[in-house]
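Sequence annotations record features per position, and here Swiss-Prot assigns 1,2-diacyl-sn-glycero-3-phospho-L-serine binding site to LEU413, THR414, LYS415, VAL416, VAL417, LEU418, ASN480, SER561. Here Swiss-Prot flags 359-370 as compositional bias 'Polar residues'. What Swiss-Prot lists as compositional bias 'Acidic residues' is 374-389. Swiss-Prot lists 74-171 with the feature domain 'PH'. Annotation comment: Swiss-Prot describes ARG38 as omega-N-methylarginine. As annotated by Swiss-Prot, phosphothreonine applies to THR196. Residues annotated as region 'Disordered' in Swiss-Prot: 1-74, 304-335, 354-391, 501-520.
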Amino acid sequence: MERAVQGTDGGGGSNSSSRSSSRATSAGSSPSCSLAGRGVSSRSAAAGLGGGGSRSSPGSVAASPSGGGGRRREPALEGVLSKYTNLLQGWQNRYFVLDFEAGILQYFVNEQSKHQKPRGVLSLSGAIVSLSDEAPHMLVVYSANGEMFKLRAADAKEKQFWVTQLRACAKYHMEMNSKSAPSSRSRSLTLLPHGTPNSASPCSQRHLSVGAPGVVTITHHKSPAAARRAKSQYSGQLHEVREMMNQVEGQQKNLVHAIESLPGSGPLTALDQDLLLLKATSAATLSCLGECLNLLQQSVHQAGQPSQKPGASENILGWHGSKSHSTEQLKNGTLGSLPSASANITWAILPNSAEDEQTSQPEPEPNSGSELVLSEDEKSDNEDKEETELGVMEDQRSIILHLISQLKLGMDLTKVVLPTFILEKRSLLEMYADFMAHPDLLLAITAGATPEERVICFVEYYLTAFHEGRKGALAKKPYNPIIGETFHCSWEVPKDRVKPKRTASRSPASCHEHPMADDPSKSYKLRFVAEQVSHHPPISCFYCECEEKRLCVNTHVWTKSKFMGMSVGVSMIGEGVLRLLEHGEEYVFTLPSAYARSILTIPWVELGGKVSINCAKTGYSATVIFHTKPFYGGKVHRVTAEVKHNPTNTIVCKAHGEWNGTLEFTYNNGETKVIDTTTLPVYPKKIRPLEKQGPMESRNLWREVTRYLRLGDIDAATEQKRHLEEKQRVEERKRENLRTPWKPKYFIQEGDGWVYFNPLWKAH
């Protein structure tokens, strides 16, 4: 069949980019046009390009009927992209060809070698194409068999074009494979070995020899009687395939059992990296084969009964993938302890719950603020504040590898129970309280003389709040709060430390805790309460108020974690509202995302994303951007901010620096101010002793887990955590049987948000 090419830029134009732009060679419509119309169906090879051919911008290929039958044909997308090869060679330019009809992405060393054997081929059926912030204009293509291409385009436009075409191709072939239906004319579905070119026409495919090696042809016949005969014939063959797969499944189970029966120490253990990879690969292979068998069964069934939908008949064989030890227990939400030299770590994917099987306790008491007013019982917090700055130990790395082998890219980790050794010795609710470690800056907001000064004070406080809440650079995960869990504390701030921004004269201070005032009458009291109000989704609420300064903060946060390969991302969905009752102002703010990087070596944390601060009454707003570190070069923990007066479109303040280091503020009058977060005074929380805390207060609830983590006894900590989880499951089942809805103790749902039951703005 004739293949023709049509250029669109006069035949001799060139792309101004240093790297050649992606181009589509076509005898038909452009990729964008054709994909919008009817999806990908066939490929037009690049041919007849004199002197390298025309260089057209993406999507600019003209549409014209092909010679011969007038049938519109889809182009093959070609162009130069940078591919990440290895750690030593880094990024290298390679010539890529996207074959729409075959559904493959292949690359060559350069354009001249594209008629030779490709250097690499990636099947796009069922592939995932995602964007990445590791490098500029980067995209990652993950095939269904686990292979991966890390690619970079010349610019954002080219990147988006490639992403669009790759995703469309992947979607098209996935739909064709899973939703194939018999057409009105006879056609064949041919399964060829990997890499075999499928150039035969539909007619020639029907006459392929049955004995041809490596070729299996399933023919959809026009005659219903012939279709029924073929169905009976192939159904019997599929029965044989199913029996064979059942045998392989049993062998794979034996393999997994043999691996997991190995001793916990010695030259070969159950956590050997090669054995973990073997387990994961064998399970994934069986799963893929099972999907293929299901597709074949649907095709045979549809050939005989074209009017019925796939799966409508009970005669279709059922095989749902490998039921290996690991896979089966993952689905059931249970997995036995993994042998380890120093720890028995239990983790499981839970059906409808967050990390610690967030479940309910018996119905709480009616809303009551009694625990907030018992401030005479509170004492200065003397808990250890720093996590041990150690990397991942070898046996722990093996456990994490085992965990990663069971996860999929983009998987929601709120449904995964993580190993105990990665947990931080505090609850997420307490971590929110630690964001208030500089209460003097918070209370100074209301002391501002003008709306401009107050919004700038809030931005200063906001940017300095995160470093203490993170407790060092080591990325560890706080306990996921259990529904009904609460945390209470307070701060005493000397009144002479709370001053407006322009008049505040801060002498150099150490980063040690700031001493409390001896006379309570000379201090402001800042109270804090947090509660876990929901477990699906996991929503935490916290409320903070200073009655004397008539200031309060009400916040609700939904944490959503996601697996990103060698890192974990946590989105903080929700918002907070700072109310200055003295001025009648409300500042609505959002929170950044957090990322745990290098989870297999020395994990570290960074913040990322764009957040906003808005005050509708005054017209002031602020935009804060937490910059994540680029793949190559760049600084970590960088943040920039801009405060704007919207009615006049005037920028009144800019800030830049590091959220856990030095921040520099520049005001519109030319003044500058530098804040070093490492030298800011830290005010310790005041918290009641454990013996005076309720059973659902964070430290009392997790006390045994925390104690064993401090002792380094991971086995005992895991056992205590498991005991706590099981207790919550029992209470949850009771609540479900009684159909009793959970009623939070301190917060009330209003619309999509949650509000403290007795806030300062309602009491005054």
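Positions of Cβ are set from backbone N, Cα and C atoms, glycine also.
Not measured: the values here are computed from a predicted model.
For the domain 'PH' (74-171), residue counts in helix, strand and coil come to 19 helix, 46 strand, 33 coil, using DSSP. In this structure, ASN480 (1,2-diacyl-sn-glycero-3-phospho-L-serine binding site) belongs to neither helix nor strand by DSSP; it is coil. Here the Cβ of SER561 (1,2-diacyl-sn-glycero-3-phospho-L-serine binding site) has 24 other Cβ atoms within 10 Å, regardless of which shown protein chain they belong to. Mean pLDDT for the domain 'PH' (74-171) in the predicted structure: 86. ASN480 (1,2-diacyl-sn-glycero-3-phospho-L-serine binding site) counts 24 other C-beta atoms within 10 Å of its own C-beta, drawing on all protein chains shown.
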